[in-house]
Amino acid sequence: MRKRWTELSGGATYLLVGLLTALASLVMLPLLVVLALLCVLGVGVFLLPTALAWLRRWVAWHHRRAGRLVGAPVVAAAPLPGTGPRQLVTAPATWRDIRWLAVHVAVGVPVGLLALFACGAAVGSVVAAPLWWLLPADAPLRLLGIAVTDWPSAVGLGLGQALAGLLVALLVVPGLARAHARSCLAVLTPSAAEQLARRVDTLTETRAKVMDAHGAELRRIERDLHDGTQARLVALSMRLGMAREALHEDPETMAVLLAEAHQSAEEAMVELRDVIRTMYPPILADRGLAGALWAMAARAAVPTQVDVGPLGTVPAAVEAAAYFAVAEGLTNVAKHSRATAASVRVSRAGAVLSVVVTDNGVGGADAARGTGLSGIARRAAALDGSLQVSSPAGGPTSVRVELPCGS
């Protein structure tokens, strides 16, 4: 029964808010017609990008509401294709938004009024029944079609109509709300062809970024090897050559040169390990992702809790991406957040590995401005993953990375 009451309250709220927004949309439709006429005259062209951007936000909010009500995933609409009038007018998403506006008015108003009547009948009878005596005898209050003439009839008929209204609301309102939400999703969900086209565009863009990042990484490795390890190896070779020449003539000098060569070899090995660590941390191979994250948290500047659930078999590339995402996230926490505590949570649901780094700092993190977060986004995009950042002013900050890792 509790579930039915929850469905009733959620459905009634959805439909009554939808009634108000449908009335607002009824005002927006003629405004769009006026804007179209102004564009024909050449006057409204400058207002078109702003108007369609506001329409996109309005529609996206309703799209999310509908998805939450029925528990369906929401496929986000494509961003506006530039600011050119021709691009905006010919974009499929623009016409889908306008089509939804008309459907919302046509459907939202009647179903909203039905919900208002069903819920109002229950609430109104409870409010009106005690006031029956204020009405004149020749125009009495009627509940369930029966005149209320005394207190017993007021109580009985008031409760009867309230129960009848609640019963109708329980039976009708949740179903109406779900039907309305599904109609909204049906209109606003991009077609399979459009989703495929967007997917191709996204993959093309991410692959280009991956190639750029790969090229930059190769140049960095080449630079590190050239400036560090190669110089060490050249010095090692020179010292070994000098030691060979001093083998018979000056044994003491040879011993010094061999000691220096040994030191150069050790330094070269350290630098090689540092270069390798930036490509695939050896600790991942030694301890696995969970152990590597525990070790990282122990070294973190901010006290960090780690929670790693059952992960199953995770590809090495995904493990490395998750490791570097946590490393970058904790670095940002230490540098920018002024946090006193952080947490790392890693879990797997089906074929998706989720990594969440949170802190209790001041917030304000923005993936568009920070090179660290944008680096995480590029790593995730290379594996067809995603980055979500929630960081309101005042905190807390939550960085969520989702990586596909196979079934």
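Backbone N, Cα and C define each Cβ position, glycine as well.
These come from TrEMBL:
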type	residues	note
DOMAIN	317-407	domain 'Histidine kinase/HSP90-like ATPase'
REGION	388-407	region 'Disordered'
TRANSMEM	12-29	transmembrane segment
TRANSMEM	35-55	transmembrane segment
TRANSMEM	101-134	transmembrane segment
TRANSMEM	154-173	transmembrane segment
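Here the transmembrane segment (12-29) has long-range neighbours at 55, 58, 62, 65, 69, 101-102, 104-105, 107-109, 111-116, 119, 169, 173, 176-177, 180-181, meaning same-chain residues at least 6 beyond its ends whose C-beta is under 8 angstroms from one of its own. Mean pLDDT across the domain 'Histidine kinase/HSP90-like ATPase' (317-407) comes to 82 in this model. For the domain 'Histidine kinase/HSP90-like ATPase' (317-407), the DSSP-based tally of helix, strand and coil residues reads 33 helix, 29 strand, 29 coil.
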